[in-house]
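Here is the structure we will look at, set down as C-alpha cells.
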C-alpha cells in the first residue's frame, strides 16, 4: 500500500503573475509528487469553480489562501492514510467532501492539485513514468501540437476577435521534428510581421499579438511564414482556430468588434466556411457560444464532415456536458483541460467517453500556466493524438514540448507520432 502521510499546499505564481495552488504529496515509502494548477482567462460558464480569496488587499483579490487552507486542512484530514494508487477512491472522496456539483466549496484548484500530486507520487512509488502509470502499456502515441503563434481575443491586447491562430505540423515524422518545424515557422512569422511594420510582442500563450485588422489577415501572414520556412501549407502544416466565441456572443449575436461585423449563428457558420475555403483550416474550437446549441448544430452540419469541431466552453471537460453534446450530435471533438473538471479521474472519463463516441480529444493547457508539464504525460497516457500548449516561446509553454521530446526518446522505437491521420479532411 502506498500510504499518504502528508499533503501540503502553497500559494505560487503562474505565468501571468497571478497566484495559483501548488500541492506536494508524500507517501510512507518516501515517494513524492508535486503538481501546480493552471488558470484560464476565457473561462466557460460551466467550469468547475476556481476558489479565489476576494481579498482586495492581496493580489487584487486573486489570492488562493482559502484553497491552500482547504488542502492543508480538510483534504489532508480526509485523505491521510489512504492508498495513493487508488485514484478513483481519492478523487471521489474529495468530490464527496466538497459536496457541491461544481467543487465550489473547497475549490477545483485545491482538489485538482491534490488529485494530480497523488498520481505523481503513486507513479514514483511504482517506479513508472507518469504517462505509463496513468495510461498503461499501450501509451505510445505522441500528440500533434496545436501551436498558437498569433494571439487575439482575451489572450492579447489587440483588435483581433478570434483568440488563437494555430499551426499543426502534421507531416513531421516525430514530435521532436514537429517542435522544430513549429519553431522555424514561429521565427519566420516574426520576420514577416517585423518587415510589415508590426510589433512582435507576445501574448499570454507566447504567440505574437500584432494589431491586425481581421482573422483573414492573420491567416495570410501565417501561410506566408509557413512557405518562408520551407513548408507547404495544407500538406506539411495545417491550420487551426480557437474562436472562443462565447467571449463575443452578446444578446444572441456574434459581435466581431475588430472587424465591424455582427452576425447571427448562420452568418457565423458562413464566416468560418469562407475562411476554410481560403485557408487549410482543419480544426475550429468553440466556433459557437457555449450555450448556442442551435448554432453548434448548424456548424456541425456545415463543416463537421471535413473539419474537426472542438468543444471547449461547450463541454468544459465535463462528462455530463459531453454526453449531452453526443446525444444532440454537435461538434466532433472535445478539448480536455484538467482544471475545468477538477480531478484526474473525471478527466480520463471524459476522454474515454469522447473516444467511444468517435469524437477526437485534444489535451490543453490554460493561458495561466506554470512549469508543470503534467498535461504532456496525460496526452501520451490517453493516446489522444493532439495537444494544445501554446507557442514556441515562454518557458511555461516549452516545458510541455520539452517533456514530449523526453517521452518520445524514452519510448524509443515504439513511439508513434500521430501526424495527419488524427484529423478529418
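Quick reminder: no glycine exception, Cβ is built from N, Cα and C everywhere.
The feature (2R)-2-phosphoglycerate binding site is assigned by Swiss-Prot to 163, 337, 366, 367, 388. The active site, proton donor annotation in Swiss-Prot covers 205. The Mg(2+) binding site annotation in Swiss-Prot covers 242, 285, 312. Annotation source Swiss-Prot lists active site, proton acceptor at 337, citing sequence analysis.
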Please identify, from the binding-site residues 366, 388, the residue with the sparsest Cβ neighbourhood, meaning fewest other Cβ atoms within 10 angstroms. 366
Whole-Å Cα distance, residue 205 (active site, proton donor) to residue 367 ((2R)-2-phosphoglycerate binding site), is 6
Give the residue from the binding-site residues 163, 367 that has the most other Cβ atoms within 10 Å of its Cβ, counting over every protein chain displayed. 163
Within 8 Å of the Cβ centroid of 242, 285, 312, the other same-chain residues by Cβ around the recorded Mg(2+) site are 163, 164, 241, 243, 244, 284, 286, 310, 313, 335, 364, 388
Using only the residues recorded as binding (2R)-2-phosphoglycerate (163, 337, 366, 367, 388), report the maximum Cα-Cα distance in Å, whole number please. 17
Over all shown protein chains, what is the count of other CB atoms within 10 A of the CB belonging to residue 285 (Mg(2+) binding site)? 27
